[in-house]
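Novice: One structure, pasted below without further comment.
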Amino acid sequence: MLTAISMSAIATNGVVPAGGSYYMISRSLGPEFGGAVGLCFYLGTTFAGSMYILGTIEILLTYIVPKAAIFVAERKEDQVDALLNNMRVYGTCCLVLMSLVVFVGVKYVNKLALVFLACVILSILSIYAGVIKSAIEPPDFPVCFLGNRTLHNQKFDKCLKTQEVDNLTVTTQLWGLFCESADLNATCNNYFSNNNVTEMQGIPGLLSGVISENMWSAYAPLDMIVEDKKLQSVPSAESPQDIYMPYVVNDITTFFTLLVGIYFPSVTGIMAGSNRSGDLRDAQKSIPIGTILAIATTSFIYVTCVVLFGACIEGVLLRDKFGDSVKGNLVIGTLSWPSPWVIVIGSFFSCCGAGLQSLTGAPRLLQAIARDGIVPFLQVFGHGKANGEPTWALLLTGGICEIGILIASLDSVAPILSMFFLMCYLFVNLACAVQTLLRTPNWRPRFKYYHWTLSFLGMSLCLAIMFISSWYYAIVAMVIAGCIYKYIEYRGAEKEWGDGIRGLSLNAARYALIRLEDAPPHTKNWRPQVLVLLNLDSDQNVKHPRLLSLTTQLKAGKGLTIVANVMEGTYLTKDAEAKRGEQNIKVCMSAERTKGFCHVVVSSNLRDGVSHLIQSAGLGGMKHNTVLMAWPGTWKQANDPQSWKNFIETIRETTATHHALLVAKNVDSFPTNQERLGEGTIDVWWVVHDGGMLMLLPFLLRQHKVWRKCKMRIFTVAQMDDNSIQMKKDLQMFLYHLRLDAEVEVVEMHDNDISAFTYEKTLVMEQRSQMLKQMQLSRTEREREIQSITDESRSSIRRKQQQPTAEQSCSLSHSRHSSTADDNQEDEAQLIHDRNTASHTAINDKAEATPEHVHMTWTKDKLFTERRHREFNANVAVRDLFNMKPNQSNVRRMHTAVKLNEIVVNKSQGAHLVLLNMPGPPKNCGGDENYMEFLEVLLEGLNRVLLVRGGGREVITIYS
């Protein structure tokens, strides 16, 4: 009744087309729950059809035409097997006949249902009439007992040991069953000899008071003799021959939970009307009224029948399952009035009608699931005849129903049915409760007599009965439903039905976001929440899909990932392109298995769009803390210098907002998710403490199967006056406390003179920068002029014979020890980070301050072969622009970049990945192009490089 109330509320909250309970659950809890529970309910309904057909055949062969049995048992032990084999043969024939009726059309099923209903009503009325008659004149229905044991009276006609015939005492047929011969002095069974034979009326009547004895349970194990405890009995030693004596025994072990499971399918018909919702004229009106009235009527009949049977019939006869003690006669038939045939015919047609209803409802349920397309391989069963009859679904239903018939044992089929039906009822109650608690605007059922507490009570009772009936069948049913759920989740079509689970997710997300807003995450909970800045080509396709591969390998589905792109223009003119680009990004994310969100922003210029994304992407506490982008590989060839200017401004933005920054160079050479890197290394060049980002990133990457076999190496740079041995020990101890496995190597950098190549590289860099500032030409003219001047500059420099030597300095690294600067040194290079991870703003302020003595960091191979053979010739007159001398600070920066690159290439050229600190850009925008040149020189000759710039906070800790 509780389930019917919940179902009525859902059914009156809108139109309910074909599918019934499946439609209600799927539209309330989503396609995954709807499909899983719907398929289980379909299997339950199909097996119920098997059970009803088996019941039909059992009535036919036991009470109507017993002589029609094909298999006849010669021994008592084989009677059950013979009956099951007969039920298999006749059940298959009955299934074929019923399937043909359903195939012809549902209208014929409805016409037959009226005939069946009339027979059922007549049989029910005859039971009440017989109960009333039993109070006045109980029927003659004797049961024979030996002591207190109930006897199987199929092979004897009189309940007597001996009888008087012509004044002679002779033995009866019962005597021959317990004794070796018919002689009075024959050896007999001990229990037979010690106890008397008595006869008792099996149906003493309504006023007999037998209900007081039947109020209490009498559960018994398998093969235990059915006894009447109120009769006298002389116990005797048990004999192995007792199993061959004509006693009535239990065919199964009985206990409460088993009987609940067997009885429960008799009350599972409440979904019969909803299963045919597509055939109802007004489902919103018919389902609530019909279901509730049906439950009220049947509940009244069931309860009164149980009470009246207990008040009229002896308990031993009620426990005699097959009526062996009354020659196989139908007990309820004997009780009824006017004739037992009314009950037999009514039971027969009742089972027939229930079987037809199952064969009618189950295919329609399967057809509704197939047409929704949530299970791809079932879509063929969505087709049918021109009038909508589910032909293919009926064939599958008949096949599954045949499996139940071949099982043949009703007691084996019943618990399976109970699990599937109870699971369906559970989720109907859950769907109503969820919709009521969410209070969605669309939840406006016309049925008002419901409450979420009733739904939860019904759900709890369903779950309890599942485990009470059979805990192992309950677990099996849940596993089956879980497997179907996961299959639909991963392989089924995505459906948006406005279900309650989505509403629950929104509420849970809102609650979690509000909680996250309270405080920033602790260092132990810190992980990269990445904002990926993607570039799209002119066709709105992703330029660097490997950037998403790197994101997947770094994140492994954990934390927040926002994939974003900025499109230049106005949204009114670019909306179609933006949507197409967003769709392409989602397709690429799916291909690369990147779990996250996608967002395309249209802005008047790229710079503002990126700035807005960095500032405002995310929501509440779920905001990004790391920005991942690709290195602008074509920044030198770009027609518009905005490409590298936007890149540098993005670095400044992330520094100002205290976000970590990851820049992947040569990102197209990074491995895909399908690759498996072999033995190799991930090299970390750790110069400054950036909060632990350089330590954490390799650990996260190695959690993914692509990088799992790679080892981690950490390089740190020392000057000649540093204690390299102590530095290595300290770093190893630090890694031990961080629980990281890595090799440690301290690299010493030697001071030497600035090379001619470094001087040349600096001069060319400054000349190009100066030309761009001086020329006020059109873009085309500027490009032509820059190219000609650059060519002349390089040829002029080659003719120089000497270059002035600059004093050596070091830059692009972090200062470890303060010292007094030389008087002739000019401005020092900008530092990457403060020693104690001070804010980047403070560091930028230090850039122009009094220089400190800084340690060397990374270098590269100083000269390639072709550069070593260059000859520098001087004394050649060129235009005034080429008579300028390079800035000494730039020379020192270039020298440091070349030396660092030389060492990194020497140590890590064969590494699978190189991670190194990213120097900060200059405070003044005037040196931006020089900054790009420095980075280009620093990274030259390396394949996969990930530049890392910390966000100004600790991201890894030694504490638990």
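In case you wondered, yes, glycine gets a Cβ from its N, Cα and C as well.
Nobody curates TrEMBL annotations by hand; they come from automatic prediction.
Take a look at what TrEMBL says about it:
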COMPBIAS  779-795  compositional bias 'Basic and acidic residues'
DOMAIN    2-131  domain 'Amino acid permease/ SLC12A'
DOMAIN    248-531  domain 'Amino acid permease/ SLC12A'
DOMAIN    545-663  domain 'SLC12A transporter C-terminal'
DOMAIN    673-805  domain 'SLC12A transporter C-terminal'
DOMAIN    848-960  domain 'SLC12A transporter C-terminal'
REGION    774-827  region 'Disordered'
TRANSMEM  41-66  transmembrane segment
TRANSMEM  87-106  transmembrane segment
TRANSMEM  112-131  transmembrane segment
TRANSMEM  252-272  transmembrane segment
TRANSMEM  292-317  transmembrane segment
TRANSMEM  392-410  transmembrane segment
TRANSMEM  416-438  transmembrane segment
TRANSMEM  450-474  transmembrane segment
Novice: Averaged over the domain 'SLC12A transporter C-terminal' (848-960), what pLDDT does the predicted model reach?
Specialist: 66
Novice: Going by DSSP assignments with H, G and I as helix and E and B as strand, what are the residue counts for the domain 'Amino acid permease/ SLC12A' (2-131)?
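Specialist: Taking each residue of the domain 'Amino acid permease/ SLC12A' (2-131) in turn, the totals are 111 helix, 0 strand, 19 coil.
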Novice: Are there residues at least six beyond either end of the transmembrane segment (450-474) with Cβ under 8 Å to its Cβ atoms? List them, or say none.
Specialist: 2-3, 5-6, 8-9, 256-258, 260-261, 264, 415-416, 418-419, 422-423, 425-426, 429-430, 432-433, 436-437
Novice: Treating G and I as helix alongside H, and B as strand alongside E, what does DSSP give for the domain 'SLC12A transporter C-terminal' (545-663) in helix, strand and coil?
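Specialist: DSSP composition of the domain 'SLC12A transporter C-terminal' (545-663): 57 helix, 26 strand, 36 coil.
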